[in-house]
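A.B. asks: Got a structure here, written out as structure tokens. Questions coming.
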Amino acid sequence: MGQTSVEQLPSRTFGIRHLQCLLLALGLSMGYAQRVNMSVAIVEMTDNDKQEGVEVFQWSEQEKSMVQSSFFWGYVVTQIPAGYLCRLWGAKCLFLWGLIISSTLGLLTPYLVSVGDWQLLVAVRVIQGLSQGVMFPCTHSVLSKWAPPGERATLCGLSYAGTFLGAVVAFGSSGWIISYLHGWPSIFYVSGVLGFVWCFIWHVWGANTPHSYKKISSQEKLMILKSLDQPTQNTEIRSEADEKTPIREMAKSLPCWALLVDNCAHNWGFWTLLTQLPSYMKYILNMNIQSNALFSALPYLIMLLLTFLFGYLADLLHKRQLATTNVSRKLFNTLGQWLPAVSLVALGYCNSSHLTLAIAFVVLSVGLNSSSFLGFQVNHMDLTPNFASVLMGITNSTANVMSILAPLTVGFVVTDVTDPLQWRIVFFISAGFYFIGNLGFILFGQTKVQTWNNPSPKPLEMQLMEPSKDAKSRETEK
């Protein structure tokens, strides 16, 4: 009788699970705004024709590429530790402190770059990368506790739409901010302040699990826990720290390797465009800063809107049993990587005389890429709901090596930013990565929960040597 009532719950009504996903989306948008603002700012920071009173720097293309990629030097380091720390400390606390550190450094960036030139700016971006490296593992940790399987595509789409929202806000507003406020430093001030606003909201309303959110209705709480096969009583929950992480089993899993390779391919293409699009639009399409910023934002606005559409379609396929989860993941991943690969090849043959076509191909390359988030990105939770944050940390850490290499490669390939042939090589390389990554995902990817998702807990003697939660809490009270 109780099970029937749970199944009949109105799953589409706005609930606390949607609130958590909305907060995650806003947090990711703040992080991404602070991450990509450098792509626009660096164009103005090195432009000798800018207004008086704003410092301008004489940096080579290689030095600019160093600045663009330096964020990811730190970003790759904290991904894997973040997966473990989510299980020990909780994703809420880790995400909060990550963005606090990043926002603080964002506010200090204009001063620090004036003091230490590009070398100190590289150091600042590395530390920002370290602090933001926890975001995706934290997001996966929260989603694995809050998103019922039947709503997983929609809720994950809602959460990760924040990454595109951050790009839209950063690109779309940067031209206006630079032109009408205090030049390029204002970009860092605005994103830093907004980051602190989100931190306050997350501290008040964020939660690791349905059990830790006091005002959730018992009806919604029961629906989420039942759908995830989780204990409905808080006292029945075994500490995640007591579970042995199946690293060896992950390393021997072919679906995990397919997921990792595809994540790497996605990051190469995605971050090549995200970091280089403003420069391409200025030097090849001859756009000024305001139109450059608006058109740089357009593809990510389309990406944001398509995320909701693709999420709805994915859940519709699941609900009406029109496609298996395996087919759905691979279908959306193909839409999000092979179609953008075709658009990138076409973009390589465009110049300022093909402005409309070039913008259309950019929009298609970036916008359709959102579909892949319902493929490989959600697949972490398909394979291992219990260790989604750890697996995400591993694959995203490796994938973001590509986020370092991609801007550096552009710096070596594009020695003359006004040469369309050199940009064509850049786009062809990205298209190749998209093709190979998705091919591996189609051939070797899976969606069934892996056998190692439910490992045995730590040996009893190890648990006896560790203080219990009750003992820890009593000690804290003292």
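Each Cβ is built from the backbone N, Cα and C atoms, and glycine gets one as well.
All annotation found in TrEMBL is predicted automatically rather than curated by experts.
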A.B. asks: Kindly point out the range from 50-75, 388-413 that TrEMBL annotates with transmembrane segment.
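C.D. replies: Residues 388-413 are the ones TrEMBL records as transmembrane segment.
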A.B. asks: With a cut-off of 8 Å between Cβ atoms, can you find at least three pairs linking the transmembrane segment (294-318) to the transmembrane segment (118-143)? Only pairs 6 or more residues apart in sequence count.
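C.D. replies: In this chain the transmembrane segment (294-318) does not contact the transmembrane segment (118-143) - fewer than 3 Cβ pairs sit under 8 Å.
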A.B. asks: When you check the transmembrane segment (388-413) against the transmembrane segment (118-143), do you get at least 3 Cβ pairs under 8 Å, counting only pairs 6 or more apart in sequence?
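C.D. replies: They do touch: at least three Cβ pairs between the two stretches lie under 8 Å.
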A.B. asks: Who are the long-range neighbours of the transmembrane segment (425-444) in its own chain, taking Cβ under 8 Å and residues 6 or more past its ends?
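C.D. replies: Same-chain contacts beyond the ends: 254-255, 257-259, 261-266, 268-269, 272-273, 276, 330, 333-334, 337-338, 340-342, 344-345, 347-348, 372, 375-376, 402, 406, 409-410, 413-414.
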